[in-house]
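Annotated compositional bias 'Polar residues' per Swiss-Prot: 163-175, in sequence order. Positions annotated as disulfide bond by Swiss-Prot: C72-C78, C101-C111. According to Swiss-Prot, the region 'Disordered' annotation covers 156-175. Residues or ranges marked as signal peptide by Swiss-Prot on the basis of similarity to another entry: 1-29.
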Amino acid sequence: MNSLSTSAFSPVAFSLGLLLVMATAFPTPERLEEDAKGDATSDKMLFTSPDKTEELIKYILGKISAMRKEMCEKYEKCENSKEVLAENNLNLPKMAEKDGCFQSGFNQETCLMRITTGLVEFQIYLDYLQKEYESNKGNVEAVQISTKALIQTLRQKGKNPDKATTPNPTTNAGLLDKLQSQNEWMKNTKIILILRSLEDFLQFSLRAIRIM
């Protein structure tokens, strides 16, 4: 079967497909062929096949790129905002040497754990985007749902799929309070910072996945 380009999916169709995938706990291709026909089967197989992790990450990166472009065009929040972003003290997940994802000191199990945990930590920031992002809401929804699907996929690759930590609800509540902005300018600055940070995290993750 020919592979399908993720750019061809609409956010709504893609999101529905991922929800079905997650609800059925990653069924086998044979099961999928029994459940649906034609393109619907192909769409679901794209995200249940173990070798499609890269495509899923690329899909998310494409949506992030589209959102950043929207922010740039609508609010002029472009690359010239780096100085402002550097001063922002949000505690966004980042890759470090100890995480085992860099070529020097690479450790597959440690790296998988860090990627999974980091993506879980990003969920609260994506909740914020769902609430505050005012442009194409479909892109935000697609990023959040596909990120959750990526978490499930990566957990299956690790030796301890349930070991990834879940942020404390109290911590999340405090973080949401911290994210609340007093003005439109700061809100948009936080949105672009979250998008940039998630993009960087996924770029590091993609490079690590390629050498696993």
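Note: Cβ is positioned from N, Cα and C throughout, glycine not excepted.
Annotated features, which come from Swiss-Prot, shown on the structure.
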residue	record	Cβ neighbours (10 Å)
C72	disulfide bond	15
C101	disulfide bond	26
C111	disulfide bond	24
Local backbone state of C111 (disulfide bond), from DSSP in three classes: helix
Three-class DSSP secondary structure - C72 (disulfide bond): helix
